[in-house]
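A short worksheet on the structure shown next.
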Amino acid sequence: MQKVNLSTVSEFVFVGLSDAPEIRLLLFVLFLLIYLATVAGNITLLTAISTDSHLHCPMYFFLGNLSLLDLLCPTITIPKMLGALLLEHKEVSFSGCLFQHFSLIAVVGTEIYLLTVMAYDRYVAVCHPLRYPSIMSTKLCAQLAASTWATGLLNSLLHTSLVFTLSFCGPNKIQQYYCDIPPMLALSCSSSHSRELVILVVAGVTGSSACVVTVVSYIYILLEILARNSPGIWHKAFSTCGSHLTVVCLFYGTTICTYVCPSFTYSPHWGRVVSMLYGMLTPLLNPIIYSLRNKEVKCALKRVISQVRRAL
């Protein structure tokens, strides 16, 4: 096995941001507003789910986990990016880059599994409404949520160990605003083909299996709707599944474009655009999507806002 050297490069430099002062200030303000809106939206949704008894059911339990992930995802990357834009501090230590990489991949992996679990939850709700409380018990929901987090951490541990045991002997400039898999593989000065193949296989199997479960769940939902053929069934099903389906399409489309591709096809410019879609806009849009399409969430948010007003 090829001997690796972890101490050759002690820090990395982010070069995925503009060097023009006027552009940097504009980007700082824009990304700061996006980050604050994301944090406010997901914290508000988490507060509504935890405090409103009408939302204490499996669907909103999983939605609360999704909001927590959407809160963590930009928090891992955006503060460092804001510091680079405002203070021009673009350096990150090797250990800091490793930790950021591990945390981000863990969050992304966990969200993939969580969205799959939410698809199964919607299948049970539509196809087995009378048995839904007994099937989606509190114990099962807790086990499913814990499994998604544990699997996401294990998946991230595998990917991080494969990437950061490569040799990095220069250059140390990351063509991105955070430590991600494709730009890190591009910086390696040792052969990464075998590890890249493992990463692609694991990502492909993980993504395809999660996608298959989601698609099969919605096929059964569609068949159940067609079999019932009752008035208003389409509207009821869409109100039940529409938000989740929209989030799934948005998340899967951006993550597949980022991770399920070989490193020689990696484009720094395209990588930054796509990563901003799933790393910044998706966490911002998810609470908005669920709030706009769900009457119960909207009512709960109104109650939370009214309570805050009374407290003030």
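Cβ from N, Cα, C; glycine included.
Per TrEMBL, the feature domain 'G-protein coupled receptors family 1 profile' maps to 41-290. Within the model, the domain 'G-protein coupled receptors family 1 profile' (41-290) carries an average pLDDT of 84.
When Cβ-Cβ distances below 8 Å are used as the criterion, the transmembrane segment (25-48) is approached by residues 17-18, 55, 63-64, 67-68, 70-71, 74-75, 78-79, 81-82, 85-86, 280-281, 283-284, 286-288, 290-291, 297, 300-301, 303-304 of the same chain, each at least six residues removed from its ends. Here TrEMBL flags 25-48 (among others) as transmembrane segment.
Marked as transmembrane segment by TrEMBL: 60-78 (among others). Here the transmembrane segment (60-78) has Cβ contacts under 8 Å with residues 31, 34-35, 38-39, 42-43, 45-46, 49-50, 100, 103-104, 107-108, 110-111, 114-115, 117-118, 121, 141, 144-145, 148, 177-178, 247, 279-280, 282-283, 286-287, 290, 296-297 of the same chain, all six or more residues outside its ends.
As annotated by TrEMBL, transmembrane segment applies to 98-120 (among others). Within its own chain, the transmembrane segment (98-120) is flanked in space by residues 59, 62-63, 65-66, 69-70, 72-73, 76-77, 80, 92, 144-145, 147-149, 151-153, 155-157, 159-160, 163-164, 178-181, 184, 206-207, 210, 213-214, 217-218, 244, 247-248, 251-252, 255, 278-279, which lie at least six positions past its ends and keep a Cβ under 8 Å from the stretch.
Long-range Cβ contacts of the transmembrane segment (140-158) within its own chain (Cβ-Cβ under 8 Å, at least 6 residues beyond either end) map to 58, 61-62, 65, 102-103, 105-114, 117, 202, 206. Feature annotation from TrEMBL assigns transmembrane segment to 140-158 (among others).
Residues or ranges marked as transmembrane segment in TrEMBL: 197-223 (among others).
The feature transmembrane segment is assigned by TrEMBL to 244-267 (among others).
Per TrEMBL, transmembrane segment is recorded for 273-292 (among others).
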